[in-house]
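Report on the structure given below.
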Amino acid sequence: MLRVLPRALRLPCSWRFSGARDCASHATTRTPEIQVQALTGPNQGITEILMNRPNARNALGNVFVSELLEALAQLREDQQVRVLLFRSAVKGVFCAGADLKEREQMSDVEVGTFVQRLRGLMSEIAAFPVPTIAAMDGFALGGGLELALACDLRIAASSAVMGLIETTRGLLPGAGGTQRLPRCLGVALAKELIFTGRRLNGAQARELGLVNHAVAQNEEGNAAYHRALALAQEILPQAPIAVRLGKVAIDRGMEVDIASGMAIEQMCYAQNIPTQDRLEGMAAFREKRAPKFVGK
């Protein structure tokens, strides 16, 4: 089941969630490349971003990037979003990376500008205030893997193929890959993977720690999505403010020395002390019941 965002937070008509009324007659008939679904019922709080550019295997083109940036800008203001899950509506592919056909038509200046914009997109994903999960049910190459690396958690089908393959195309990772991969795997291994342009399957990626979980693919081709959804369901019952602050403490702490990181943790902890959710958690423990967190 899906819910519709409050009017102030709705996406443009062509991005309305499934089940919403048809857009006004002036709306474009073009299928949006980014679709947003907010789940309801027991999954309320989980919002999905579906990448849907089948003719280009979800390649990162201008329209794709623009729609994704706009979706993120609106969703980050929606307090009902507790987990953001990235998945593909195209079977067999997560995101094939840069749209090289589109890029061939750009001047050198335009290429530089677009890559800078792409880098900004990945930074927006990384800075999203709630946990983000990439469900990788197929190819995640180049910029596609950089998108997944910008997420907090990654789930892959064992048969999924991923890699920063830019050096095989005369390029280098330009949307955060040279920075996030070594932070994920360590410098030496990241260099090896980038220098060689090596591709990994989901099982290999799990062995290296590149993904959190690898699962056998199913006939529908969405096994990683189902595992990612199960992980999101584990996050949902937890105190949302504490989860957000935990993400801030980890992300900012990883950028500094441990003493500074401890100071960041202290500041985050101090922000959580006066919350209703902390008091509810203490009361629930004392009364031996499940807590009911409200995000306040």
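Just so you know, glycine gets a Cβ as well, placed from its N, Cα and C.
Going by Swiss-Prot, these are the annotated features:
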MOD_RES   K101  N6-acetyllysine
MOD_RES   K101  N6-succinyllysine
SITE      E146  site 'Important for catalytic activity'
SITE      E166  site 'Important for catalytic activity'
TRANSIT   1-17  transit peptide
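Comparing local CB density within 10 A for the recorded sites E146, E166, the maximum falls on E146. In this view, K101 (N6-acetyllysine) is surrounded by 10 other Cβ atoms within 10 Å of its Cβ, with every protein chain counted. K101 (N6-acetyllysine) and E146 (site 'Important for catalytic activity') have their C-alpha atoms 19 Å apart, to the nearest angstrom. In this structure, the C-alpha atom of E166 (site 'Important for catalytic activity') lies 11 angstrom from that of E146 (site 'Important for catalytic activity').
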